[in-house]
Amino acid sequence: MTTLALNNVRPYGEDVAHLLIDDGVIVEVANTPFDNADEIVDGEGNVLLPGLVDMHVHLREPGREDTETIATGSDAAAKGGFTAVFTMANTNPVIDQPFLADAVWEKGQAYGKCDVYPVGSITQGLAGKQLTEIGLMARSHVRMFSDDGRCVNDPQLMRRAIEYAKAHDVILAQHAEDHRMTEGAVAHEGERAARLGLRGWPRVAEESIVARDVIMTRDYGGRYHLCHASTEGTVELLRFAKAQGVDVTAEVTPHHLMLTDEKLATYDGVFRVNPPLRELRDAEALKQALLDGTVDVVATDHAPHGSEDKCVEFEHAKPGMLGLETSLAIVHRVFVEAGLADWRFVAKVMSERPAEILRLADQGRPIAEGEPANLTLVNPDAAWTANGKDMASKASNTPYEGTAFNARVVGTWLRGTRTYSAKKA
Ligand code: DOR
Ligand code: ZN
């Protein structure tokens, strides 16, 4: 057994503490530094958070290993401070059978930088016609099901999915998009898209599905999670659902908090994403919703794409943006630097709540004796500039190219093993 001392850290940005970690578990939290461990790390007064958990990423394996793999995605996750991620089923082949899900989990474990949980698809091949064997997959490593990238539009199929998911006590994550209303759409329907001649994706295409699903969940039960909430109206619907006691949770992406359709003026395909970047009032509503708990978590929707699919005309660009390596810095910028929230809030929306929603016993835990050493160390004052070329991700489609940030992950530990260490400048 090896012991690790993590001295001089500030859990949740509060008072300085010193941690002793033995065999992946925090065994002591003390007021004085430890000097008798196998390895001693000086945390230099940086902020210590529970390891971050991302409910929504795309690691592209199997099928598009040219853009990301479970290994490169795990590297990006560890660099972004994550100790667990959920990778969506829209791979090739689609993760619609237990052996495919098991392969994702096992590859992640073998690589060992991050726990990579497979998301199973709701319908076979994401075709929206026949349900998958939700029960069989639930018995392997799958605890969340989603057709993300596509919406389960057929209401009868969605009803059945809710009933099966309820029976197996797994969560359904919906990508809310009425595909009939978004045919050919590439940007948020509004003045900016109209001026540029881009076909619009109206808010109602999201909100009509959210409204339907909330009512179905109210009447048929089960646990429903909304992927990437993007509109002010969606926030109102979530408020209504929660006020009624419906078991609904929701995520917001860093890009829907920080960016708006103003970026369309660049006509740069890097800003194409699904759901699209909306208007300032949507971003403001989402921010408030995260602050008051109407939206539960931040999830990145990390979506790597190669330059052949991004550095093309806006209409031809594939939707999706990198997110793993910039999300903590964005949440810090939007909430902590802005004086709206503290590090406890960051721990809640990026680690504790996602772990709770997904019932991960060993993630999002308090930084305390007897708890697993899944930890993220953050320097809140380490000015850095986002740059696609420097990312651990295999792809470089970051919408924050050249953006200066302050908070930077300097170390990540998974069960006491260091999975990321920032090089000293
Ligand atoms: O922008 C997106 N990209 N939204 C999705 O729902 C899917 C994702 C992808 O797979 O690239
Ligand atoms: Zn997605």
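All residue numbers here begin at 1 and follow the chain in the order shown.
Cβ coordinates come from backbone N, Cα and C, glycine included.
The shown structure was predicted, so the numbers you read here are calculated from the model rather than taken from an experiment.
Residues annotated as active site in TrEMBL: Asp301. For Asp301 (active site), the same-chain residues 6+ apart in sequence whose C-beta sits under 8 angstroms from its C-beta are His56, Val57, His58, Cys227, His228, Thr253, His255, Val273, Gly320, Met321, Gly323.
The annotation Zn(2+) 1 binding site is assigned in TrEMBL to His56, His58, Asp148, Asp301. Cβ contacts within 10 Å of Asp148 (Zn(2+) 1 binding site), excluding its own Cβ and spanning all protein chains shown: 25.
If you look up TrEMBL, you'll see His58, Leu59, Arg60, Asn90, Asn274, His305, Pro319, Gly320 marked as substrate binding site. Secondary structure from DSSP puts Pro319 (substrate binding site) in coil.
The Zn(2+) 2 binding site annotation in TrEMBL covers Asp148, His175, His228. According to DSSP, His228 (Zn(2+) 2 binding site) is assigned to coil rather than to any helix or strand.
What TrEMBL records for 45-231 is domain 'Dihydroorotase catalytic'.
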- Message: Using a 6 Å cut-off on Cβ distance, which of the binding-site residues Asn274, Pro319, Gly320 come close to any atom of ligand 2?
- Response: none
- Message: For a quick check of understanding: among the binding-site residues Pro319, Gly320, which residue's Cβ has the most other Cβ atoms within 10 Å?
- Response: Gly320
- binding-site residues whose CB lies under 6 angstroms from ligand 1, from His56, Leu59, Asn90, His175, Pro319: Asn90, His175, Pro319
- Message: Just to verify a number: CA distance, His175 (Zn(2+) 2 binding site) to Asp148 (Zn(2+) 1 binding site), in angstrom, no decimals.
- Response: 5
- Are there residues of the same chain, six or more positions away from Asn274 (substrate binding site), whose CB falls under 8 angstroms from its CB, and which are they? Gly149, Glu177, Trp201, Pro319, Gly320
- Task: Mind giving me a neighbour count for His305 (substrate binding site)? Other Cβ atoms within 10 Å of its Cβ, every protein chain shown.
- Result: 25
